[in-house]
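These features come from TrEMBL:
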- A:6-27: transmembrane segment (TRANSMEM)
- A:39-59: transmembrane segment (TRANSMEM)
- A:65-84: transmembrane segment (TRANSMEM)
- A:96-115: transmembrane segment (TRANSMEM)
- A:144-164: transmembrane segment (TRANSMEM)
- A:198-216: transmembrane segment (TRANSMEM)
- A:222-240: transmembrane segment (TRANSMEM)
- A:247-265: transmembrane segment (TRANSMEM)
- A:271-290: transmembrane segment (TRANSMEM)
Amino acid sequence: MSQLVWNGLFVGSFYALVALGYSMVYGIIKLLNFAHGDLYMLGAFVGFAVLGAAGGVSAAMALPVLLLVLVLTMGVTGLAGVVLERVAYRRLRGAPRLSLLITAVGASFALEYGMRAGAGADPRVYPVRLSGTTLEVLGARVTLQQLTLVAVAVILMIGLNLLVNRSREGRAMRAVALDPRAAALMGIDVDAIISRTFFLGSALAGAAGVMAGAHYGKIDFMMGFLIGLKAFTAAVIGGIGNIPGTMLGGLLLGLLESFGTFWLGGEWRDVFAFGVLILFLTVRPTGLLGERVTERV
Amino acid sequence: MNAPLLSVEGLRLAFGGVVAIDGLTFAVGEAEIVSVIGPNGAGKTSAFNCVTGFYRPTAGSVRLRGRDITGLRPSAVAALGVARTFQNLRLFGEMSVLDNVRAGTHLRIRQNVLDALLHTPRYRRSERESTEQAHHWLDFAGLRGDRYGPARALPYGEQRRVEIARALARRPDLLLLDEPAAGLNHTEKAEMLDLIRRIREQGVAIVLIEHDMGLVMDVSQRVVVLNFGREIADGPPDEVRRDPQVVEAYLGRDADEAEIEQARASVAGGRDGGA
Amino acid sequence: MTGPGGGAPPAEATSEAAPAPGGGRRGAGPRSIASRLMENRWAGLAGLAVALLAPFVNASPYALSVMTSAAIFVMLAAGLNIVVGYCGLLDLGYIAFFAVGAYTSGVLSTRLGLPLVATLPAVLVVTVIAGLVIGAPTLRLRSDYLAIVTLGFGEIIRVTATNLDVTGGPSGIYGIPGLTEGPVSFYYLTVLVVAVAVIGAARLGRSRLGRAWRFVREDEDAAEAMGVHTYKVKMAAYVVGAIWGGLAGVLFAAHLSAVSPGSFTFLQSALVLMAVVLGGMGSIRGVVVGAVIVSLLPELLRDLADYRYVAFGVLLIIVMLVRPQGLWPARPKEVAK
């Protein structure tokens with residue numbers, strides 16, 4: 001039982017990290033960035049490349065090296081997100097929603113198959129694995145590395161929350177999310193704020209990618225597809241556009257999946273997750289913490 | 001006693017803590033023109049949205065010939081004989097002008113999927129009827145521009161006519177016009193005034209939201225005045241014009257320059273105010 | 001394979017030329033009446049002629065197989081065009097209906113020993129149900145939510161097919177009977193069915209229902225205000241799209257005599273979407289051309305296997321940025337009658 005809870009929370013923290021980027025981008029330009037999951041995949045591969053270039057990593061140094069790689073990767077995927085927005089999305093901001101969504105699908109496609117062309121279709125084995133000691137916590141088997149990853153995820157999320165709620169930058173972001181035109185009139189550089197939002201969201205996805213690589217040990221070019229869907233589900237559960245809600249949604253989805261898998265069997269895990277998504281969208285489309293939209297019949 | 005065509009009772013609409021409409025009651029008889037006026041943000045368009053089903057009112061009721069239509073979806077309200085236009089023109093921009101007006105005939109023409117697939121005589125007949133009606137109402141609305149090209153290509157004033165023709169093609173008993181004269185020049189306004197009168201002659205009742213006081217005072221049988229969501233007056237134009245509360249609302253600090261000008265002009269001397 | 005105007009027999013043009021009120025003041029396009037009809041008619045007939053004559057040029061089993069697949073792909077694109085092009089609903093899991101059709105006919109024909117034609121009623125019923133089940137909860141949602149939920153449904157269908165025994169698990173179903181004897185006759189049958197499907201989609205697109213789809217695409221509120229029950233209309237688009245996809249699935253099952261989950265991935269959904277977007281959303285001629293390009297181009301670019309999907313992705317972005325109406329767009333300008 002507590003094992004299921006722990007597994008759920010662990011996977012959920014990945015979902016939450018990726019979902020945050022989804023949610024932030026949606027909050028600010030109302031776009032479902034289909035390519036977001038692929039930035040997570042890109043992060044995993046960037047980490048893979050950097051670690052490969054660094055040569056062998058001794059087990060003792062694994063953690064510090066991994067953290068360094070994490071920061072580097074976040075920079076790279078963050079920039080990738082910025083470029084994506086600049087090249088593909090910016091010019092379509094006033095265009096019909098459908099055009100923007102199709103563009104996002106195109107971007108996702110290009111990233112996935114671009115990576116396949118570059119790195120091959122076969123899964124790659126991550127060059128570093130954190131071999132941790134196993135601890136018993138409340139009857140659940142927890143490895144040290146899992147704890148570390150969750151800690152990193154939590155630190156990143158707290159940092160993001162502080163940034164959005166406390167800083168000038170964050171205030172500008174919230175202003176743009178609320179009303180881009182009014183924000184522009186107040187002297188906020190809307191383009192720059194949107195760029196930074198993409199940077200932050202994509203950086204978080206990249207971090208999650210590296211962590212997933214180190215945890216699961218294997219990465220491939222399609223790894224972002226499912227997690228993109230899961231992240232969207234998490235964002236919807238929590239309330240898309242709402243940062244604490246999205247974190248909660250990620251953890252909740254992790255837990256639901258963990259229990260769902262236990263009851264139904266692993267092969268039904270993804271079906272179960274989408275079932276939850278559809279249920280939420282039908283019953284409470286604004287999510288647990290999302291604000292109610294004006295009631296239109 | 002016959003129930004009036006439209007009766008709105010105790011209508012209240014709140015978004016969270018913000019009250020957009022706070023107790024609105026008015027009625028519209030058959031073939032009557034009633035104007036709803038008030039400063040910007042007074043809740044006029046919200047009231048339209050409640051009547052036509054786009055908003056679900058927080059409290060109160062909307063009745064059509066005595067039948068409660070509160071909370072029905074907009075298409076169901078439309079099916080009962082209510083048509084509307086929108087404040088910011090809502091045409092189907094990429095579609096032809098004719099197709100736009102054919103939208104009004106959607107509920108009137110009878111054809112099913114098989115008719116459409118097999119091009120049965122019934123299909124051709126219904127399409128022809130739809131097209132003829134569309135032409136008829138475009139003629140009625142006095143459209144001069146190209147009917148076969150996309151609606152977005154027409155000049156603004158012409159687009160207003162198309163929107164009204166589309167609503168008329170619905171053959172409504174009640175037509176709600178949301179600022180039909182906004183953005184029109186003097187000639188176009190005069191033509192709009194004429195069009196509104198001709199619509200009424202067809203036996204259609206009209207509820208009109210309009211800022212142009214000249215037009216309102218000229219064409220309406222009755223005027224309902226809203227201010228901050230509250231109804232402050234309801235009566236014939238002459239009476240409403242002299243109502244101290246109305247003058248106050250229009251000359252108060254919340255009215256903008258243009259409205260003050262309009263209000264002054266209309267209070268002072270009737271229809272030259274705006275037209 | 002004719003354009004929207006092509007389905008109309010000449011009689012219609014004359015019968016509808018009857019005087020209508022206010023004829024004098026209509027913005028006229030006398031130039032367009034004949035020329036446009038001809039253009040549409042010829043485009044459609046030329047396309048059909050090319051499809052019918054192709055086997056005389058090259059009837060190798062490989063070429064026939066490629067052409068049959070292309071024709072089936074055209075039908076898929078025509079179906080998705082109803083949903084995305086006419087109605088403006090982004091469906092990223094369209095291939096699910098293709099799968100439902102293929103599996104339903106495959107399972108029934110192999111398990112019960114039925115000829116494939118006998119499974120058609122069941123396929124219709126099952127695809128309509130699938131359309132309703134997927135549409136009912138999602139069509140009330142905002143359009144962008146719809147996109148991702150349909151993506152999820154596409155995955156659910158595929159995962160379910162992989163996990164169930166009745167669908168043969170990951171390896172799928174083998175030994176599905178064909179519809180005709182030999183690949184040549186099957187090719188012609190496919191072309192015939194697809195041509196009917198394309199004309200049917202075009203005719204629906206021009207009808208009362210088709211206009212309602214486009215009203216919804218252009219402005220949902222205005223459509224509602226005119227009495228269009230937007231939810232039902234969207235549902236109709238979804239169900240009709242599902243039927244087109246399901247019937248294409250039957251052709252697919254007959255063509256390959258086998259179905260497996262690997263044929264119904266998101267990649268396939270995205271390729272159909274690519275065809276619709278490239279050709280021109282809402283333009284039946286454009287979509288047919290788009291589908292032929294998307295299905296045949298990879299055959300011509302075999303050497304660039306790894307890069308062709310990258311190119312598709314980039315192309316999607318470029319089309320949206322530079323020419324969102326597609327290669328051969330639908331004209332808002334209608335033929336004066």
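Cβ atoms here come from the backbone N, Cα and C positions, even for glycine.
Tallying C-beta pairs under 8 angstroms between the transmembrane segment (A:198-216) and each of A:65-84, A:96-115, A:222-240, A:247-265, A:271-290 places A:65-84 first. Segment contact is absent for the transmembrane segment (A:271-290) and the transmembrane segment (A:65-84), given fewer than three CB pairs below 8 angstroms at sequence separation of 6 or more. Residues of the same chain lying 6 or more positions beyond the ends of the transmembrane segment (A:222-240) and with a Cβ under 8 Å from any Cβ of it are 12, 14-16, 18-19, 21-23, 26-27, 32, 34, 36-42, 44, 108, 111-112, 208-209, 212, 246-250, 252-253, 270, 273-274, 276-277, 280-281, 285-291. Residues 33, 36-37, 39-40, 81, 137, 140, 142, 146, 149-150, 153-154, 156-157, 160, 173, 177, 197-198, 200-202, 204-205, 207-208, 211-212, 227-228, 230-232, 234-235, 238, 240-243, 245-247, 249-259 of the same chain, all 6+ positions outside the transmembrane segment (A:6-27), place their C-beta atoms under 8 angstroms from a C-beta of that stretch. Below 8 angstroms of C-beta separation, residues 21, 35, 39, 42-43, 46-47, 50-51, 54, 57, 107, 128, 130, 152, 195, 198-207, 209-211, 214 of the same chain, each at least six residues beyond the ends of the transmembrane segment (A:65-84), sit close to that stretch. Using a Cβ-Cβ cut-off under 8 Å and counting only residues 6 or more beyond its ends in the same chain, the transmembrane segment (A:247-265) has close neighbours at 4-5, 7-20, 157, 230-231, 233-239, 272-273, 276, 287-289.
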